[in-house]
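Undergrad: Encoded as structure tokens, here's the structure I'll be asking about.
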Amino acid sequence: MSEKEKGEFGNQPLKRNFSKKEDVNKIKSGMKRFRRKNANRRHLDEKNEIRYIPRVNDRNRHIDRKVDGKEEKMYVIPLGGLEEVGKNMTAFQYKDEIIVVDAGLSFPEDEHLGIDVIIPDFSYLESNRHKIKGLLLTHGHEDHIGAIPYFYQKLGTENIPMYGGRLTLALARAKFEKKDAKLPKEKVISGRTILKVSKYFTVEFVSVTHSIADCYAICIKTPAATILHSGDFKVDLTPVDGEGFDFGRLAQLGEEGVDLLLSDSTNAQISGFTPSERTVGESLKDEFAKAKGRIILAAFASHVHRLQQIVNIATKHGRKIAIDGRSMVKIFEICSNLGYLKMPKDIMIDIDKVETYPANKVLILCTGTQGEPLAALSRIANGTHKHISLREGDTVVISATPIPGNEKAATKNINQLMKRDANVVFEKGIGIHVSGHGCQEEQKLMINLVKPKYFLPVHGEYAMIKKHKELAMAVGIPERNVILTENGAKLELSKSSFRTVGRVPSGATFIDGFGIGDVGNAVLKDRQNLADDGIVIITISQYRNGKFNRQVELVTRGFVYNKDAESLLSETKKLVRTELINMENEGIKEIGKIKQKIRAKVGEFLNKETDREPIILPIIMEV
């Protein structure tokens with residue numbers, strides 16, 4: 001193969017014109033050839049939609065797993081990732097052994113005031129820590145590895161080994177910095193790695209394509225059942241790194257017999273196929289060619305394949321690259337050290353040196369596609385970035401679409417950028433972003449490859465997993481063999497049944513600073529009340545004989561501006577003094593009861609006068 005044929009992505013031939021239509025046509029062509037060879041087996045309808053392909057001797061493929069006449073059973077326990085996007089975590093239990101797949105986080109929404117991240121409730125795993133034999137990682141995205149340091153910190157042990165790809169483990173390891181948890185033992189795996197992780201559990205990692213390197217489905221085998229967890233996946237026939245989707249091994253596992261498939265539901269509501277990641281590279285080339293000044297490009301830091309294409313294009317156009325955003329800097333450091341990002345020498349420059357280069361020779365690669373307030377792109381948009389000020393001729397490319405819930409913040413950023421006269425390019429059918437998750441036809445293809453007896457759609461909101469159930473039924477999985485469930489369900493799996501048999505503790509644990517779970521719903525409610533109606537602080541002095549000083553100090557924040565409400569505050573002080581006299585006469589001296597009465601009386605009065613419910617905070621000082 002000539003150097004030209006090798007193309008700009010190393011040893012993988014560079015394919016041209018990878019449009020969505022071409023991807024679909026390639027798959028359809030392959031299916032037509034397969035249909036001609038297997039004319040007696042009906043597996044495609046006239047619209048070329050994927051239908052269920054029965055296995056030879058399908059009825060008898062599940063091994064009779066009985067011990068002393070009793071049917072073997074195991075348990076599947078989703079702890080995160082159901083009826084939500086993020087926080088993915090599932091436990092698998094057989095007898096006195098448990099393995100855990102993924103430990104992800106999700107990000108707070110508007111009502112989660114002051115919360116940094118959200119992780120699964122580990123209560124069930126804490127109470128069964130002695131049974132846990134390993135933590136298996138499908139890939140290195142935050143919603144699958146972000147909770148790992150908290151997991152080890154809460155369980156109080158580093159003796160649970162961690163299994164994953166080389167990049168995944170490196171990203172997970174970086175999360176232990178500044179966390180009060182020791183690094184566990186690590187086992188680096190690759191595609192088709194088979195490991196006996198305990199007495200009863202044997203696992204195999206199978207390569208799939210996604211939007212990050214080292215992405216795997218995991219096959220789990222016990223004496224009771226064989227389970228395949230798809231992890232996050234799409235079917236990319238032309239992956240940027242050349243690491244393909246392992247159709248062959250998934251099909252082999254399907255022929256051997258898979259009892260249960262857990263599969264990614266993210267794009268279950270989107271028809272067709274997800275375009276190849278390489279199509280984004282072609283579209284970005286067009287944007288680079290059109291840009292006359294600086295290019296500011298925002299992307300997901302963890303989207304390594306996208307970053308590699310951006311580096312290649314910037315190199316071709318003679319642009320130096322400055323990166324900004326902590327997560328982006330960390331990803332570049334890890335991936336370049338491990339060889340997952342290949343960059344020419346001297347292409348990188350410091351962000352504070354950008355102004356010293358000609359505008360048409362600079363690319364600023366940053367975080368902030370979701371409108372995060374402190375991200376680099378947001379600071380550029382609102383004019384608070386330390387080193388970058390927008391100017392005429394700048395092109396801002398946002399190579400992502402907003403995650404559900406982030407649309408408002410992302411749109412605000414776009415508007416701010418446009419107000420500063422930037423040429424803003426964002427995804428509206430122009431091909432600068434594609435999903436890392438498979439659409440309906442890919443999800444049906446996964447089911448047809450694996451041919452499970454039972455099916456559990458995971459990784460998605462309720463509408464997504466419900467639609468995934470319909471897709472499974474469309475390709476031949478009986479409705480009775482598909483379960484829609486929620487986090488915390490305890491599902492019993494055997495040769496003859498798959499059913500819900502109970503529940504375990506589950507839910508959300510809020511991380512605020514260094515605290516794990518010390519902020520609950522009560523604290524969030526107080527924070528919401530503070531945000532909505534403010535706080536009134538009442539300071540009272542009490543003598544040792546139990547009498548009260550009649551001078552009452554009153555301070556408000558976020559309630560009313562004192563100068564505009566002198567009459568209201570004066571009446572409030574009178575009310576407090578009257579209540580203090582009443583309590584003296586009644587002989588009430590218990591501090592807790594005094595505070596309770598003051599809080600109730602003042603709260604009732606202020607609500608009546610203002611229709612607000614500020615937090616009332618009485619402070620009693622002994623003098």
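Yeah, the Cβs are placed from backbone N, Cα and C, and that goes for glycine too.
Among the features that TrEMBL reports, region 'Disordered' is placed at 1-40. As annotated by TrEMBL, compositional bias 'Basic residues' applies to 29-40. According to TrEMBL, the feature domain 'Metallo-beta-lactamase' maps to 86-284. If you look up TrEMBL, you'll see Gly114, Asp116, Asp512 marked as Ca(2+) binding site. Among the features that TrEMBL reports, Zn(2+) binding site is placed at His139, His141, Asp143, His144, His210, Asp232, His459. Taken from TrEMBL, the feature active site, proton donor covers Asp264. What TrEMBL lists as substrate binding site is Ala301, Ser302, His303, His433, Val434, Ser435, Gly436, His437. Summarising the annotation, TrEMBL assigns active site, proton acceptor to His437.
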Undergrad: Determine which residues of the same chain, besides His139, His141, Asp143, His144, His210, Asp232, His459, have their CB within 8 A of the center of the CB atoms at the recorded Zn(2+) site, and list them by sequence.
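TA: Sorted by sequence, the hits are Asn88, Asp102, Gly104, Thr138, Ile212, Cys215, Gly231, Asp264, Gly436.
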Undergrad: Compared by Cα position, which of the binding-site residues Asp116, Ala301, His437 is the closest one to His141 (Zn(2+) binding site)?
TA: Ala301
Undergrad: What does DSSP say about Asp143 (Zn(2+) binding site): helix, strand or coil?
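TA: Assignment for Asp143 (Zn(2+) binding site) reads helix.
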Undergrad: Return the count of C-beta atoms lying within 10 angstroms of the C-beta of Gly436 (substrate binding site), excluding that atom itself.
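TA: Counting Cβ neighbours of Gly436 (substrate binding site) within 10 Å gives 26.
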Undergrad: Provide, as an integer number of angstrom, the distance between the C-alpha atoms of His459 (Zn(2+) binding site) and Asp512 (Ca(2+) binding site).
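TA: Each residue's Cα considered, His459 (Zn(2+) binding site) and Asp512 (Ca(2+) binding site) end up 25 Å apart.
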Undergrad: Can you tell me how far the Cα of His139 (Zn(2+) binding site) sits from the Cα of His437 (substrate binding site), in Å?
TA: 13
Undergrad: Given the recorded positions Asp116, Asp232, Asp264, Asp512, which one is most crowded in terms of C-beta atoms within 10 angstroms?
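TA: Checking each of Asp116, Asp232, Asp264, Asp512, the winner is Asp264.
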Undergrad: Given the recorded positions Asp143, His144, His210, Asp232, Asp264, tell me which ones have a C-alpha lying within 10 Å of the C-alpha of Gly436 (substrate binding site).
TA: His210, Asp232
Undergrad: Could you check which of the binding-site residues (Ser302, Val434, Ser435) sits closest to the residue listed as 'active site, proton donor', going Cα to Cα?
TA: Ser435
